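Novice: Dropping the structure in here first, questions after.
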Amino acid sequence: MEITLFDPIDAHLHVRENALLKAVLRYSSEPFSAAVIMPNLSKPLTDTPTTLEYEEEILNHSSNFKPLMSLYFNDDLTLEELQRAHEKGIRFLKLYPKGMTTNAQNGTSDLLGEKTLEILENAQKLGFILCIHAEQAGFCLDKEFLCHSVLETFALSFPKLKIIIEHLSDWRSIALIEKHANLYATLTLHHISMTLDDLLGGSLNPHCFCKPLIKTKKDQERLLSLALKAHPKISFGSDSAPHFISKKHSTSIPAGIFSAPILLPALCELFEKHNALENLQAFISDNAKKIYALDNLPAKKARLSKKPFIVPTHALCLNEKIAILRGGETLSWNLQEIA
């Protein structure tokens, strides 16, 4: 059995920087046609020149791959900088509530403040797409739910602004997407295939720790259902986020799952298991092209076959290792060719 996926798109990707970027980028740039690149680096991409420099770094270490750059929404963002980013072709604005995830200490402190709303009003006029890490302070399993009032305010106040709930993790958010025409979402492999049991049901597994947290069986099943039917308002976004094993085994564990090396085989396995392989093309590419109005992307064909694939336990970066999701396991699908 074989399947060919055309122009795979990852609508939420972390490729880090410097040596780590060089080590992990190929796992995404080779099989994927394009990816929305996250701006929460150690020095966040809060201005246009820095964002364009990072884009150039990615392009220098990849080929036939389109990085779709995003600007980090922060308290110091000005209307002039927003206009400058627009003029340089940056189409994505990434909003992190302050302190909610990795490198979000520079995030937005007042989500419904006058300045935030003014920036969003202008982002709407300029045609930006707002990608939001939709969590608010509160009990860890309710953080996304607690952000619903903010999402509703944004959706109603800016009806022409496309708003993406990044890495949807709570089944209660599905109703918002159905209710508001301008609300969309991305789904990760880990949120549609894993639950809290994978993180802490046995021994604590730091390599399954991410934000937002993987949640209950009900959440996983409801989100998986959206993916399997390729809901038209949902696109795939891996949120692949590599960290060194030495940091993952420390006393202060960073959030992030490195899934890039297994994405296409694991998705094929999951969709075949549920008799939905015919919908994988829409989930992995077609929906994103429509939602984000993407065209002129590098043409790419990823051919996969139903043959065993033993997942490497780790990737290497200098003298450090990066644990790969499901490392050491055997998947039933294998990436055979990229053209």
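Note: Cβ is positioned from N, Cα and C throughout, glycine not excepted.
So Swiss-Prot has the following annotated:
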- ASP239: active site (ACT_SITE)
- HIS12, HIS14, LYS94, ASP239: Zn(2+) 1 binding site (BINDING)
- HIS14, VAL15, ARG16, ASN40, HIS133, HIS243, ALA255: substrate binding site (BINDING)
- LYS94, HIS133, HIS167: Zn(2+) 2 binding site (BINDING)
- LYS94: N6-carboxylysine (MOD_RES)
Novice: Identify, among the binding-site residues VAL15, ALA255, the residue whose Cβ has the fewest other Cβ atoms within 10 Å in this structure.
Specialist: ALA255
Novice: Using C-alpha atoms only, work out the spacing between LYS94 (Zn(2+) 1 binding site) and HIS167 (Zn(2+) 2 binding site) and round it to an integer in Å.
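Specialist: Rounded to a whole number, the Cα-Cα distance is 13 Å.
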Novice: For HIS14 (Zn(2+) 1 binding site), which of the recorded positions HIS133, HIS167, ASP239, HIS243 has the nearest Cα in space?
Specialist: ASP239
Novice: Quick check: which same-chain residues outside LYS94, HIS133, HIS167 lie with their CB within 8 A of the centre of the Zn(2+) 2 site CB atoms?
Specialist: HIS12, MET38, LEU95, TYR96, THR101, CYS131, ILE132, ALA134, GLU166, ASP239
Novice: For HIS14 (Zn(2+) 1 binding site), name the DSSP secondary structure in the helix/strand/coil scheme.
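Specialist: Where HIS14 (Zn(2+) 1 binding site) sits, the three-state DSSP reduction gives coil.
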Novice: I'd like the Cβ neighbour count for HIS133 (substrate binding site), meaning other Cβ atoms within 10 Å of its Cβ, all protein chains included.
Specialist: 26
Novice: Can you figure out which of HIS133, HIS167, ALA255 (the binding-site residues) comes closest in space to HIS12 (Zn(2+) 1 binding site), comparing Cα atoms?
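Specialist: Ranked by Cα distance from HIS12 (Zn(2+) 1 binding site), first place goes to HIS167.
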Novice: Max CA to CA distance in Å over the substrate-binding set HIS14, VAL15, ARG16, ASN40, HIS133, HIS243, ALA255?
Specialist: 19
Novice: Find, for the listed binding-site residues ARG16, HIS243, the residue with the lowest Cβ contact count at a 10 Å cut-off, counting only other Cβ atoms.
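Specialist: Looking at the binding-site residues ARG16, HIS243, the Cβ with the fewest others within 10 Å is that of ARG16.
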Novice: Non-local Cβ contacts of ASN40 (substrate binding site) (under 8 Å, 6 or more apart, same chain)?
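Specialist: Spatial neighbours, sequence-distant, of ASN40 (substrate binding site): HIS14, TYR72, LYS94, TYR96, THR101, THR102, ASN103, ALA104.
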Novice: For HIS243 (substrate binding site) and HIS167 (Zn(2+) 2 binding site), determine the Cα separation and express it in whole Å.
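Specialist: Here the two Cα atoms are 18 Å apart.
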Novice: Using the residue listed as 'active site' as the reference point, find which of the binding-site residues ARG16, HIS133, HIS167, ALA255 has the shortest Cα-to-Cα distance to it.
Specialist: HIS167
Novice: How many neighbouring Cβ atoms, not counting its own, are there within 10 Å of the Cβ of HIS14 (Zn(2+) 1 binding site)?
Specialist: 26
